[in-house]
């Protein structure tokens, strides 16, 4: 009994640095600037003026949309590319397969930060800087996708071949087997890939600040740092109102689906 | 015999399926990597519009660059601090959550939640909390300690960046450790208990050896990840004060995109690539060894 109380006490104590920042983000966003450094855990008079100020200072709705649609497109695109390639590398025998797999796998050795200079050069020569193309195309087809391909391949390798053979007997072609049999079974792996990819795209920071230059093109991480006063000092409460709007929706989704989230990630972490 | 045998058609489908990934790898990974190598042999100032072959000069500059040396030192400190703190905290949390206790799911959710808070949002609130009159020092003052100006001191800035990053992402490693702990067969503990081994001995002699593959994997994943930490540093310290938190990737960003030295930036990229590739290959070799070891 004593041990239990001690354990709970320890867990609660350890929780503080994990929970407090989120709490502080939400409550500080409702404080007037004069109260921002006060020690009280709640704003004395909660105000939502900061939230409307967010939209006055930046095209925040547009920026929110930019981040959201880029993350969704990148997630769907990565799932498609990774499922196709992962399946082929795992289940189809074709000449040169192993060499091609190694070629793709080298992406794991080359994080996209390493190639940012030539990629910038490439997109600039195509006239695609200050567009969302680099933020969409590179993650779907480039280095960030390789881990997803690897996860999908590991999953398909473990799939029992009998299922596919039965489908083949029924006269289904390769594409049909992939789409009707293998893909539906791959839902857990695809889920994990989707979570990883979405978060990666949602948090991307280096690439947006390298490629994008006008506020209406910005993504959220980049936009969050733009809430400064005329002297370049941060407008804490407005900044945190914007931050709250970017963080809370994802947290809510997570709490609702937390089993799938954590178990999916643990699954791929161990296997991948 | 028709030309389109099942085998031939299967080959074609295979090539078509891997084509997007393969072409993407060529266009966005391998060719750019080759270009990084080529650029590093040139003096290229974008603003000046100069592009001229200079051979190994950038590499000589690299060796003599004091700032690069300090960036490597900062990177090493950052990686070391991050790995030690991250893994020990992750293991501690996983062990605590692995106890037979009601409500561990709630705690697991809470410890994991920062992983989901968007990175810059997380960094911004810590920036506020780490101000001289912020809530971290408020808490310290409550305990009777006069807190420093965290982001303005060399050592404290480095500590701050590490801690902010650890708390953000320790949940991931915690989940991996938790899965590994749950894979340790319970009879082993029972047997050790009968032999009179205390909890600490059981932990050291059974748990640690059995989860050591996970410890190894997480440590290398965490080190490689630490080399890619950019946003937190760009927002919290901008590499400062001085150059105390200017890690390699931030230095790369400064040289290439703030000072427009693309050639020299590419040279730093080559260095970053060599470090990441060496660590990743090491991880693969070790993993293979561990897998053999297991069977």
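Cβ from N, Cα, C; glycine included.
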According to TrEMBL, which of these ranges is transmembrane segment: A:67-87, A:214-234? A:67-87
The transmembrane segment (A:135-156): which same-chain residues, six or more beyond its ends, come within Cβ distance under 8 Å? 70, 73-74, 77-79, 81-83, 85-87, 89-91, 101, 104-105, 107-108, 110-112, 115, 119, 182, 186, 188-190, 192-193, 196-197, 200-201, 204, 207-208, 211, 219, 268, 271-272
Cβ under 8 Å, sequence separation of at least 6 from the ends of the transmembrane segment (A:177-199): give me the contacting residues as numbers and ranges. 71-72, 74-75, 78-79, 82-84, 87, 91, 139, 144, 147-148, 151-152, 154-156, 159, 163-164, 167-168, 260-261, 264-265, 267-268
